[in-house]
Structures are given as structure tokens and as C-alpha cells.
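Single-structure report; data block below.
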Amino acid sequence: MGRANNSAVTEFVLLGLPSSRAPRLLLSCLFSAAFAAIVLGNLLIVVSVRADRRLLQAPMYLFLAHLAFLDLGLGCVTVPKVLEDLLRGRNTISFPACLAQVCALHLLGASEMLLLTAMAFDRYVAICRPLRYLAVMDGRLRRRLVTACWAGGFVHSATQAALVLRLPFCGPNRLDNFYCDVPQLTKLALDTYVTELLIMANSGLLSLTSFLFLLTSYAVILSTLWLKSSAAMAKALSTLTAHITVVILFFGPCVFIYMWPFTTYPVDKVLAVFYTVANPILNPIIYTLRNKDMKAALRHLRTRCQWNNGNKLC
């Protein structure tokens, strides 16, 4: 019966966007500006790190480049579809496109969770074991950590896709969101108690355990900083503050949305916007605002582009 019902539902109606013309025009302008900021900000970080060999050899900036790429992907998965719906005036998405959106969203989101955990480990070694930092965070370990983050995201995404495919859809096709996600899809199916438990175990526990691990890591790091000189503490806090801010902004919505898949709240749509749109905009700003190395890399990239323009090479 599940397969037949899955094939019967050919598209979903997304209810997260307004139906009147004036709000749609305003939202289309806001989402267009947001998408431009996501693409520009995150691409600048990726290109700046790739163009600076010194930054590329530093584990923290290698992870930061991958984080920017993941944020760019999160924006590209959701915002273009929202813009299409706002301009077209018909908020629908086909079942295959919905499934693809779920897979991409959870691949990128889970990979980012694991990458933030790897970045916390990098900061732990740099601050708590500074004499062994270069020996521990060598090129092979960096590559393994990045590969593990992407592989973990793929496994999580494949599990979510399998859970969606086994949902017995029986007619209702209205999703109370502006993009497809598993918690909303479960509300359209019958007899999903076991599936929702699996979703909570797969998504909610991943979010919660990663967040608790990060909090523990940062607590250990901060306790270590108290024993250092004020100059060393200030230098470490300049990068650590950015990491902690990004972790809180990213994990807060995730834990709230995926730890309680049985119920939906009006604030869920606000958190969804924050998770998929606001975070990819804020992360590049947070990481470059007080980071002298990133500012220097951006200036170096601008100088290279100006020089190339002067020589008619770009």
C-alpha cells in the first residue's frame, strides 16, 4: 500500500508563502537580496582561501572553506525554489523534486554539523595542545576529517530519504513550510509513529549529541584559556568567539526543529528561514569581521583582481 500511495501523490503544495501579490513582491526582493549575499559572501571565502596558499595549509581555514561551500549549498537548495514560487504565484513541488530537496538539505546540514565538530577539535588541539598541533593536525588527518564529514552527511541523507520513501501518503499534500523537509512530510502520512521515532533518532539525536559534544569541547577550551596569559587568551578568543557564535546560531534551530518531529509550531517557519537563509549570510560576516588573516586574504584577492584587470586578464 505504501508504494501505491507514494505514486498517487505527484506533488505537494507549500503553504509557507503568502498568497497575496504585495507581500510576494516584497518577499521576492528580500529573498533575491539574501541569495545574492549568500552566493557572494561564501564564494569570496572559498576563493580567498583557495587563492592563498598559506591559508590553505592551515586546518582552520581549510575547514572554513568547506563550511562556506556547505552554506552556499544550503542557500542554493532552498532560495531559488522560493523565488520561483514567489514570482510564479503557484507554490507546488513535485514528489521527486521534494525528495531531492530533502536529500540535499540533510546532506549539507549533517555535513555542516560534523564539520563544526571537526573545527572544535581543531581549536581544542591548537589551544590545549599547542606544541603538538602541527604533528596532530597534519595533512592526512585534515583530509580524513573532511571526508568523514561528507560521508557522514551522505549516510544521514540516505537514511532520511529511505524514511520518506516508506511513508504511506494517503491524499493530503499540503506542507506547512516553504520547502520540503521530513517533519512536515510525516504530518501528511498515516501510522507514522515508528517512522517519527526513527526520524528523531536520526536527526534530533545527531543534532543534540553534536551540540553537547561541542559545548563540552568549548568548556574545556575556555577552562584552559584561564590559565594562559591575557595576550594569549585574547588571541585565542578572537577565533573561538566566532566558532561559538556560529555553533549556537546553527544548532539552535536544528535542535528545536528535529528533536520534536511529532508536533509543529508557528515558530518553525521562522527557524527554517534562519537555518537555510540567515545562517549562510551571517557565517561569512562572523568569520571575517574580526579575523585579520581572512581580511588580508580578501585584500590580496582584490589586489590580484585589480592587477589582472589592469593587464586585461580578467
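Including glycine, each Cβ sits where the backbone N, Cα and C put it.
Please treat TrEMBL annotations as automatic predictions, because they have not gone through curation.
Copied over from TrEMBL, here are the features:
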- 25-49: transmembrane segment (TRANSMEM)
- 41-287: domain 'G-protein coupled receptors family 1 profile' (DOMAIN)
- 61-83: transmembrane segment (TRANSMEM)
- 103-125: transmembrane segment (TRANSMEM)
- 145-165: transmembrane segment (TRANSMEM)
- 205-227: transmembrane segment (TRANSMEM)
- 239-260: transmembrane segment (TRANSMEM)
- 272-289: transmembrane segment (TRANSMEM)
Check your understanding: Quick one: do the transmembrane segment (25-49) and the transmembrane segment (272-289) reach 3+ CB pairs under 8 Å, ignoring pairs fewer than 6 apart in sequence?
Key -> yes
Review point. Is the transmembrane segment (205-227) packed against any residues at least 6 beyond its ends, judged by a Cβ distance under 8 Å, and which are they?
Key: 110, 113-114, 116-117, 120-121, 123-124, 127-128, 156, 233, 236-237, 240, 243-244, 247, 251, 254-255, 258-259
